[in-house]
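Please read the structure below before turning to the comments.
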Amino acid sequence: MGKVAVIMGSTSDLQVMQEAIDILEGFDIEVEVDIVSAHRTPEKMFEFGKTAHEKGIQVIIAGAGGAAHLPGMVASLSPLPVIGVPVKSRNSIDGWDSVLSILQMPAGVPVATVALDGAKNAGILAAQIIGSSDKCVRDKILIYKEGLKEKVIAGAKSVKK
Ligand SMILES: Nc1c(C(=O)O)ncn1[C@@H]1O[C@H](COP(=O)(O)O)[C@@H](O)[C@H]1O
C-alpha cells in the first residue's frame, strides 16, 4: 500500500490541508504530515525533496499560500508526482498570488495544481494515482464515485416536481 506525504508551508495552512489528510485516511492510505517551508526551512525542504521517494512515499501533496514556492521547489528536487494546493492565506491577493506561483511552472518540472483551497481534490487525485497500480485503492475510489452519483440522484429526486 502506498504512502502520501502531505506537506505545507505553515501550521496556518493546516485547516485547509486537513481535507486532504481526511480523504486519504478515508481510503485507508497511509499519510505522513509535516510543515516544510522553502522560505523558512530551506535545508529541511531540500532534505525532504531529495529523500521522500526512498521512504515509501509515492505522491507528494504540497500546500502553500502567498508566494507559494514550496510545491515547485519540491517538484524540482523529487522524482515523485507533486500535487500543489494553492492556499488562500491571510494576507493573500485574493489567492491569485498562490494560484499563479504553483500553476505557472516551467516546462520539465510539473506540479499538478488543484483549485484554490482544493485540498480535498488533491487527496482524491493522490489516491487515484496510487489506485492506478493498487486494485484495493482503486475499488475504494469506484465506491466513492458511486456515492457521489447516488447523492446527486437523491438530491434531484428531492427537488423534482
Ligand atoms: N508559501 C509559503 C512557503 C513556501 O512556499 O516555502 N512557506 C510558507 N509559506 C506560506 O506563508 C503563508 C503565511 O504563513 P504564516 O501564517 O506562518 O505567516 C502560509 O500560507 C504559508 O504556506
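A Cβ is built for glycine as well, from the same backbone N, Cα and C atoms used for every other residue.
These features come from TrEMBL:
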- Ser10, Asp13, Arg40: substrate binding site (BINDING)
- 2-152: domain 'PurE' (DOMAIN)
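Feature annotations (TrEMBL) mapped to structure.
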| residue | record | contacts (Cβ under 8 Å, 6+ apart) |
| --- | --- | --- |
| Ser10 | substrate binding site | Ile35, Ser37, Ala64, Gly65, Ser89 |
| Asp13 | substrate binding site | Gly63, Ala64, Gly65, Val87, Ser89 |
| Arg40 | substrate binding site | Gly9 |
Within 8 Å of the Cβ centroid of the substrate site residues Ser10, Asp13, Arg40, which other residues of the same chain have their Cβ? Met8, Gly9, Thr11, Ser12, Ile35, Ser37, Ala64, Gly65
With the substrate site defined by the record as Ser10, Asp13, Arg40, how many Å span the farthest pair of C-alpha atoms? 15
As a test of reading the model: what is the averaged pLDDT for the domain 'PurE' (2-152)? 97
Helix, strand or coil: which one is Asp13 (substrate binding site) in, per DSSP? helix
